[in-house]
Amino acid sequence: MLLAAMCLALLGCLQAQELKGHVSIILLGATGDLAKKYLWQGLFQLYLDEAGKGHSFSFHGAALTAPQQGQKLMDKVLESLSCPKDLVPSRCDELKGQFLQLSQYRQLKTVEDYQTLNKDIETQVQQDGLWEAGRIFYFSVPPFAYADIARNINSSCRPHPGAWLRVVFEKPFGHDHLSAQQLASELGSFFQEEEMYRVDHYLGKQAVAQILPFRDQNRKALDGLWNRHHVERVEIILKETIDAEGRASFYEEYGVIRDTLQNHLTEILTLVAMELPLNISSSAAVLQHKLWAFQALRGLQKSSAILGQYQAYSGQVRRELQKPDGFQSLTPTFAGVLVHIDNLRWEGVPFILMSGKALDERVGYVRIVFKNRAYCTQSERHWVPEQSRCLPQQIIFYIGHGELGHPAILVSRNLFKPSLPTQKWKEVQDQPGLRLFGRPLSDYYAYRPVREQDAYSTLLSHIFHCRKESFITTENLLASWVFWTPLLDSLAFEVPRPYPGGAENGQLLDFEFSGGQLTFSQQQLEVLIPDLGSVPKPSDFQVLGARYRQSPLITAWPEELISKLASDIEAAAVQAVRHFGKFHLALSGGSSPIALFQQLATGHYSFPWAHTHLWLVDERCVPLSDPDSNFQGLQAHLLQHVRVPYYNIHPMPVHLHQRLCAEEDQGAQTYASEISALVANSSFDLVLLGMGTDGHTASLFPQSPTGLDGDQLVVLTESPFRPHQRMSLSLPLINRAKKVAVLVMGRTKREITTLVSRVGHEPKKWPISGVVPLSGQLVWYMDYEAFLG
């Protein structure tokens with residue numbers, strides 16, 4: 001029967017057309033929800049598209065279920081398959097009959113089952129006089145099952161040399177960078193990179209799949225517009241009306257950021273932001289350009305995100321996971337994240353990623369909003385959509401649902417008339433009364449697909465045709481997790497804002513962005529956290545003054561502490577410029593000062609940057625462009641946002657003559673000479689220090705005498721942490737400063753804070769204890785967690 005079906009299927013391509021070989025497609029998890037809803041229909045669509053074009057096919061549905069029961073379940077799914085509306089019914093019946101005959105169920109549970117499958121495929125190909133082109137294994141199973149299945153395929157089910165193997169995986173691909181690395185390493189031990197296809201089904205959605213072709217086909221119109229000079233912002237949005245009921249186990253582990261932002265929305269972001277390769281048909285070029293886009297993403301801070309949770313969620317978790325009555329989940333079901341890209345094209349343009357459950361509508365879209373610099377002298381009633389520059393200018397890739405109800409591409413008529421392939425996209429008829437993004441539909445050139453197709457049908461076709469650009473490579477996957485993991489870690493204990501769900505949300509989740517920060521527009525009056533007692537807010541405490549090691553101590557919650565320190569630095573700067581015409585500020589690197597840099601960049605517009613010289617307290621011996629470089633952190637979070645003359649910026653010369661911190665290059669002496677030449681008496685106006693958990697400060701470390709005394713102003717040191725080589729201001733130079741501020745933040749600093757408060761002047765054991773300005777002032781800035789624990 002199977003042979004007869006194959007002969008019938010190949011009848012159309014036997015006339016003078018050479019056969020292209022046999023393809024076996026094995027769907028693992030063939031009776032699961034994803035397979036029932038999308039994958040079998042997608043495989044049927046693949047057969048409809050490819051029947052008669054030279055390949056022969058066999059489809060194997062596989063699961064752990066016993067053969068008889070599994071076949072029964074699979075047959076029920078196959079009977080419900082449908083053809084496109086434009087396919088003649090008789091042709092549909094014919095092809096569906098062939099597909100059913102070519103599809104069979106088999107149990108894949110043991111090594112022997114995989115060996116039997118391999119033998120059956122080889123026997124079938126030989127008996128039918130065919131040659132094997134390749135095999136596709138689609139893993140529609142939970143990730144914990146990947147390793148065993150991969151091992152069995154690799155050992156028992158690979159095709160003979162000359163035939164290809166393609167293995168397809170569904171997310172999640174880990175829950176952070178480390179777990180993603182581990183999974184990638186495990187799969188990489190069984191399969192080559194070119195054999196693996198990681199699915200993000202949003203890349204198969206028609207509007208998303210059209211982003212790169214649209215940019216390519218409209219290069220002439222977009223070349224001058226697709227950049228920071230013309231784009232005001234980019235919104236990448238996915239809203240759902242449903243909640244997480246029935247999926248509490250999954251959602252508690254992943255939450256909304258891992259579920260949608262880290263994958264779907266980030267992949268879309270790269271399609272919008274990446275540089276266009278010369279040939280978008282080259283998978284390798286597209287994937288490389290996407291990777292470069294990942295590498296240009298500015299690191300996220302806690303302040304880059306806002307979180308919410310619909311009010312019924314914790315109750316659902318308690319019921320589904322048998323949690324105690326008082327359990328309150330911190331898992332967010334809503335998130336907005338502000339992303340910036342540090343390159344010439346997108347510098348300063350906010351990319352807003354937002355997704356959530358239990359919202360007011362189901363809709364997904366990508367919206368590029370252009371700056372409006374026009375002023376129109378006539379009243380709005382005389383504005384003509386095709387001509388008036390005062391009307392909003394935007395391009396929208398409408399993913400689906402919402403008021404429009406279907407995928408679409410919308411371009412404001414006052415921008416340009418886009419070019420799209422007419423065989424795939426057609427103009428949308430106007431719908432009077434329908435308004436999208438503040439304008440009537442008639443204000444747009446609007447296009448929709450000639451034939452709507454689900455994402456999995458598109459992706460299965462791309463797998464078959466080896467179009468890797470629609471999938472996620474190991475390198476791009478890990479780059480995404482490198483970007484998202486620090487934010488996820490910083491938000492792990494953040495309490496999300498509760499919201500009622502649906503239309504009742506009102507303006508509760510509206511948010512605003514400024515600089516690198518997102519904040520809710522509406523202040524929340526009350527946060528209910530059952531059984532956790534009263535949770536203090538920063539506003540409940542004032543900035544407190546005290547003394548620490550005989551010097552002034554400022555303590556506060558982090559937000560108030562950073563604000564106070566920034567104000568004190570500005571006051572010192574204004575005073576120095578008033579008296580001496582310049583302000584010399586030496587800054588430390590690391591994570592603690594980042595919030596300070598951001599505060600200075602976004603909240604201190606009277607700061608005398610034009611008269612400020614910026615120096616580094618210490619630097620890692622890496623290129624200045626390296627993410628580990630202290631200068632790179634300063635550049636990302638401060639320098640690019642303020643107007644400091646470039647000749648007033650003094651990075652440490654750690655990279656000379658193609659070498660890093662080589663003593664013979666005399667980088668430390670060069671920096672010392674520069675300080676002596678520009679800073680009066682080598683006395684900085686203000687030095688900002690931190691304190692490590694081992695008592696180190698700058699890059700002066702315990703049990704190392706380097707830089708603790710003597711005449712050297714700048715020294716090379718060795719750190720116990722990677723990268724080991726450092727350059728640092730010496731303790732004698734630091735102590736010449738007019739003011740030294742030590743910033744100490746976080747619960748992990750509590751132990752060293754207590755210890756240092758009790759020791760005397762012991763810089764060899766605790767370098768921070770050697771910070772005693774000769775004639776200047778030392779002030780400690782500590783948050784409550786560092787000071788009180």
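A Cβ is built for glycine as well, from the same backbone N, Cα and C atoms used for every other residue.
Going by what Swiss-Prot states, the D-glucose 6-phosphate site holds LYS171, HIS201, TYR202, LEU203, GLY204, LYS205, ASP259, LYS357, ARG362, and the candidate of GLU235, GLU240, GLU275, GLU380 recorded there is GLU240.
Here the candidates are LYS119, LYS220, LYS424, LYS749, and Swiss-Prot annotates LYS424 as N6-succinyllysine. On the backbone, the CA of ASN681 (N-linked glycosylation site) and the CA of HIS264 (active site, proton acceptor) stand 56 Å apart. For the binding-site residues ASP33, GLU240, the ranking by surrounding Cβ atoms (within 10 Å, all protein chains) places GLU240 first.
Within the set of recorded positions ASP33, ALA35, TYR146, HIS264, LYS424, the entry lying nearest in space to TYR202 (D-glucose 6-phosphate binding site) is HIS264 (CA atoms). With GLY29, ALA30, THR31, GLY32, ASP33, LEU34, ALA35, LYS36, TYR146, LYS171 listed as the residues that bind NADP(+) 1, the site has a largest C-alpha separation of 20 Å.
The average per-residue pLDDT of the prediction over the region '6-phosphogluconolactonase' (539-789) is 93, rounded to a whole number. Within 10 Å of the Cα of GLY204 (D-glucose 6-phosphate binding site), not one of the recorded positions from the list GLY29, ALA35, TYR146, HIS264 places its own Cα. Residue pair THR31 (NADP(+) 1 binding site) / GLU240 (D-glucose 6-phosphate binding site) shows a Cα separation of 26 Å.
For LYS357 (D-glucose 6-phosphate binding site), the nearest of the recorded positions GLY29, ALA35, ASN154, HIS264 in terms of C-alpha separation is HIS264.
In this structure the alpha carbons, written CA, of LYS205 (N6-succinyllysine) and HIS264 (active site, proton acceptor) are 11 Å apart.
Annotation: THR31 carries the greatest number of neighbouring Cβ atoms among the recorded positions THR31, ASN154, ASN279, ASN681 [cut-off 10 Å, Cβ to Cβ].
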